[in-house]
């Protein structure tokens, strides 16, 4: 069988590489992505391996590249991605790369440092400019208030006023003579002003006078680049003690103080000098930003390729650290798993690497014998990879075990569609997936950080098939947004007048009445008349329940049948006779027989055949199956003559149940007993062989003969474990056959639920938009349709689709794969630059 149906054959190989050619050979193998290396130094610390210094150099280069990338993103410069995949540079080229990155980093850090210093200077000058502008108003207001306070105090010496306290107690005692006031001016963050005012009032006991004004334009913080809002303030006080206290408070609130002359002429002169310096700084800052931009634009053109080169170099040296050195220190030895079919391709890659390195000694690839379980490798493409991921999520297949993916590609979307059958909803899902498939190259190039979108895009082919199959089952159910399509004309007619049909809600349709039914089946799917019938749910309930059991039994039988391919491939004949055959007989004689009864009932009981009883006398399949298992005789229904569907049914059912029950002890005991007898025979042969050697071989007189282990030791423990394992397996299969068959009823339940939700949404929402007439009804219908469409997509397509997807996944993992799939292997993880680069890009985006 091909690799699609069974994992690839793997070989453990030993690889001998010359030291000078090892780097180039590993680089070629990384581009190929078909070799999984084993760590031959598991006990050696990562910091003690041979190429740890090269790995550290790569880490340092990655750090510098991330710094460059951060600065490029900060300036909003697009990074050129040509889609190229440059080869891993030679070791000697690492020095050039390191020098390039070092030069760029130093130049950029120097530019950033100079720009930050210039911006800090610019900020200080800007704040000083605003202080010089605002303080003139403060000084004028303060002089006016001081004159008012002195005049008030001279007129009324006993008055206590808030402004008077600015003169100080000594000033008051001196008869109101104003003392000379000191002041400080500065800038503070706007949000700190209220707390700043309270602290000044409490610490200085109200003996200071604070004025502040907001700076209208936000200022740029030179350290972070953020825009901050600040305010100018000036504080008047009297005395050195208050001056020291005020300065400490300003320092605590991180306010910036600036010198401010008292004389207006000096302030004007300083303001002119500040404006001149600001203009000069603006010019220098512009030139600095232009230089920084040029450096980053040049780096942005190559940074993607630089990242790829550094990641590849680092991956190669990490891989070389897994190798061993021979005694001469001139040859590297590696062990690796390779697909057997790709050995020639790998040897060609090794030859290319040797030629690139200029080495004259060819590499040697030897196949090794091993008892170790090889990794599991299933080749996939963009279509099969999503389905393979669904299977691998349950467990990686054991080596060379049959792969469920090819069968899942068909059965998964089909069982999903049985639950989700609606021509309209399936069409929406199909169109969405078709868009993803048709635009997959463009969408794949635009990597998104949205995890939900990435999941949808990765499973686009699954969604495409689920939508397509849902359209098919929706056509069979004749269901499109809870309505039916009348493609071929209904085969029903009524003898009632129009008023009876429109107003009598108790009318039902009965296929057995020839007066109402033409006895000609609808060409495809269900007759559209059932959409209007009151007993539609009763009819669909029986129909969907039966097809769910039919599909379930066939699905489980196919799973059991696949186990035969595993037994034959691994030459496990005992499992064929002791497991497979009893399992097939048990499942067929009980549950497949029940499926046959459904078809017999459909064919035999109908108005078109000559069966003596009417369709109402058809026995219940469920009651018949229960009576069959309990060995209970069936009873005829009232006014019915027949008990069984065909002659000899009662005897046949007893025979089927007896044979099925006999299969249970065979599954339980046959395999352990057979293995136990085989081990006893080997034990007897071993004892007889040793006795013959001791008695008849004269040359063996001086040999030390190892006696066989006594019976009842470790062998008994193994036999006991085998009985327990087989008992658990048998109980799981027998009881699971019942529970798994019932589990497929979820196909029926979710299908009915989906149809009813769709009908409820139409009747409770969409019909409300059809009650108004004229142009107002058209506008109202537009809004109602939008609301109905949102609920349809959100609830019926997304939520119901997710529910059906999860139930389908469970049916495949538990009911189908448990019949033949062990899933005890481990995945083949080759050394591949493509996988490493994808992982690295994902980590950088996060």
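Glycine is treated like the rest: Cβ placed from N, Cα and C.
Bear in mind that TrEMBL entries carry predicted annotations, made automatically and left uncurated.
Note on TrEMBL: of 758-778, 779-799, 800-820, the range annotated with the feature transmembrane segment is 779-799.
From the options 503-524, 525-546, 547-568, the stretch TrEMBL describes as transmembrane segment is 547-568. When the ranges 414-438, 614-638, 689-713, 714-738 are checked against TrEMBL, the one recorded as transmembrane segment is 414-438. Predicted-model confidence for the coiled coil (94-128) is 91, expressed as mean pLDDT.
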